[in-house]
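Some features that TrEMBL has for this protein:
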| type | residues | note |
| --- | --- | --- |
| DOMAIN | 39-288 | domain 'G-protein coupled receptors family 1 profile' |
| TRANSMEM | 20-49 | transmembrane segment |
| TRANSMEM | 82-104 | transmembrane segment |
| TRANSMEM | 138-164 | transmembrane segment |
| TRANSMEM | 195-224 | transmembrane segment |
| TRANSMEM | 236-259 | transmembrane segment |
| TRANSMEM | 265-287 | transmembrane segment |
Amino acid sequence: MSVTNNITSVILIGFPNLQYFTYLFFSWLVLIYCMTISGNLLIMVLYLVSKTLQSPMYFFITQLSLCDLLLTTDIVPVLLHTVLYGGSTITLIGCIIQFCVFVISESSECLFLSVMSYDRYVAICNPLRYNSIMTHKFCVTSANVIWFVGFIVTLGDIICIYKFDFCGPHIIDHFYCDFTPLVQLSCSDTRMIHIWLFIAGFYVIMGPFLVIVTSYVYIAITILKIPSNTGRHKAFSTCSSHLTVVSIFYGTLMIVYVFPTNGQLLILSKVLSLIYTVLTPLLNPIIYSLRNKDIKAAFCKLKLYF
């Protein structure tokens, strides 16, 4: 970290105008936090103990759960303190670490969602070659590469931020250390990190999004060619959960980061950020389990052991 820093800590304001809704909002967040941790851990445990879930799709779902656990434990505890006490003081180093953990979890989730769309593409458009393409080796290698890419993106952020001189203000009007408020703390030239994040963002956000869109275009074409309504419904149901998660995740992510507008209200940005940092990790295990007979069956078997 630069030796000319004038600030050593920052204050996260969070949601300062809650007034009479503070305890209600805090209780709501605690409930969501507990449910998120429990739901994602449950999916990971079910995958490990159930033989019926040993498939590429469930392997990637567990990786997605790992991303959600990482994101939730990074954001929510600080958010809870911020809501309860009307603000939260965090060291500058802690703020940067929170941002880096956020980057590695979100960038990895984008890449995992794209690989999962490819899995659905192979399953629907090329089912006879599914087992030969989506092998265990392919899945493990893909997961390792994705986490490595997330680490490289985060390392690039750290290298850029390391060159910054932070001179204030030391107040962040947000509930976590996001890119824009963090950069605003610096009095250095920030063009380097803007260029780096533009390049990295294209490959880890827009790149996977293009893969997802392309995959679902081919999936839609294949489904429409199925003669029976039952067959089309069955084919679509295999990818509906993933499509729902992608829509929620990318919808809010792109509004905040990819298509910013000068007139965008700060409170709107906070609410949208709340959706993909707090609600999405909760919704993912719910969406993937509600209509999934395999996960329900594995859960029922697990209950028999207790």
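Here the Cβ of each residue, glycine as well, is placed from N, Cα and C on the backbone.
Of the candidate ranges 20-49, 82-104, 195-224, 265-287, 265-287 has the most C-beta pairs within less than 8 angstroms of the transmembrane segment (236-259). Long-range Cβ contacts of the transmembrane segment (195-224) within its own chain (Cβ-Cβ under 8 Å, at least 6 residues beyond either end) map to 107, 110-111, 113-114, 117-118, 120-121, 124-125, 149-150, 153, 156-157, 160, 179, 232, 235-236, 239, 243, 246, 250, 253-254, 257-258. Same-chain residues lying 6 or more positions outside the transmembrane segment (265-287) and placing a CB less than 8 Å from one of its CB atoms are 15, 29, 32, 35-36, 39-40, 42-43, 64-65, 68-69, 71-72, 75-76, 79, 102, 106, 173-176, 178, 241, 244-245, 248-249, 252-253, 255-256. Taken as a whole, the domain 'G-protein coupled receptors family 1 profile' (39-288) shows an average pLDDT of 87 in this prediction.
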